[in-house]
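*Asks:* This is the structure I have questions about; it appears just below.
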Amino acid sequence: MLFATLEHILTHISFSTISIVITIHLITLLVRELRGLRDSSEKGMIATFFSITGFLVSRWVSSGHFPLSNLYESLIFLSWTLYILHTIPKIQNSKNDLSTITTPSTILTQGFATSGLLTEMHQSTILVPALQSQWLMMHVSMMLLSYATLLCGSLLSAALLIIRFRNSFDFFSLKKNVFLKTFFFSEIEYLYAKRSALKNTSFPVFPNYYKYQLTERLDSWSYRVISLGFTLLTVGILCGAVWANEAWGSYWNWDPKETWAFITWTIFAIYLHSRTNPNWKGTNSALVASIGFLIIWICYFGINLLGIGLHSYGSFTLPSK
């Protein structure tokens, strides 16, 4: 009862804080100069991170197993991982714009996880026999860590494409669409150009030079982050194969989740392979990574919507009225 009450309090604190952060985020989209509000948003995200950490620890202690048994718990863990990825660049360099990319994903994931749509999964339950294994923490945590990392890397590639081609399509016009501002792509370009201008006041630099520098930097970031995510995904799939052999007597069953995990792995393998070809670096490889962003969400969330296959434990269902 104590742990259930604590989890309830931490969840409400997290949801309330993230709601305030979303409001601040929307305000700063309209008024870029409100530096104080942006700092308040970062403090709110830190408070939410500690609330999530407290929730995960409480759920782990009360249930006796690592909290990854259903979609609700995995979403909480995914948002917790995104918070870490959001924080690391700021610790290394307070002016690193990589954290700017992760902000919307972190906010939206946590907002959905703590909303009322997953109320039926809020209560901790006893694991089904197939999940009562030490492989649960190893396999699922590796998969979620890889998803979070690959999502960030894919967003960096998407930012590269949008910044490079935004003038070619009316859809990406800042005057007509708030899409760029919502995901901070224009903010990155603005901050980078401003910072470069301060460093190069002794001689004139053309705007296209800032654009070139920024896209090259995004390309480098994307490659590094996706390489890490691909490694984690490979380890996660291998752990899952070993666990499947112990539980079901077969390393691979072409279950829908397994099939889409293989598709995800293939997409990012193609991305990494394309990086070895100089002609495919930059725009072409970024396009592959951007496709991977959608594939990850299908693999992770889309399959849970269907609730089919061997990986249907804790699948998503709409609350009944």
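Backbone N, Cα and C define each Cβ position, glycine as well.
Pasting the feature list from Swiss-Prot:
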- 9-29: transmembrane segment (TRANSMEM)
- 44-64: transmembrane segment (TRANSMEM)
- 68-88: transmembrane segment (TRANSMEM)
- 143-163: transmembrane segment (TRANSMEM)
- 225-245: transmembrane segment (TRANSMEM)
- 259-273: transmembrane segment (TRANSMEM)
- 288-308: transmembrane segment (TRANSMEM)
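Let's see these features in context: how buried, what's close, how far.
*Replies:* Long-range neighbours of the transmembrane segment (259-273) within the same chain, counting only residues 6 or more positions beyond its ends whose Cβ lies under 8 Å from a Cβ of the stretch, are 143, 150, 226-227, 229-230, 233-234, 237, 240, 285, 288-289, 291-292, 295-296, 298-299, 302-303.
Within the chain carrying the transmembrane segment (288-308), a Cβ under 8 angstroms from the stretch's Cβ atoms is held by residues 71, 78, 147, 150-151, 153-158, 161, 222, 226, 256-257, 260-261, 263-264, 267-268, 270-271, 274, 314-317, all 6 or more beyond its ends.
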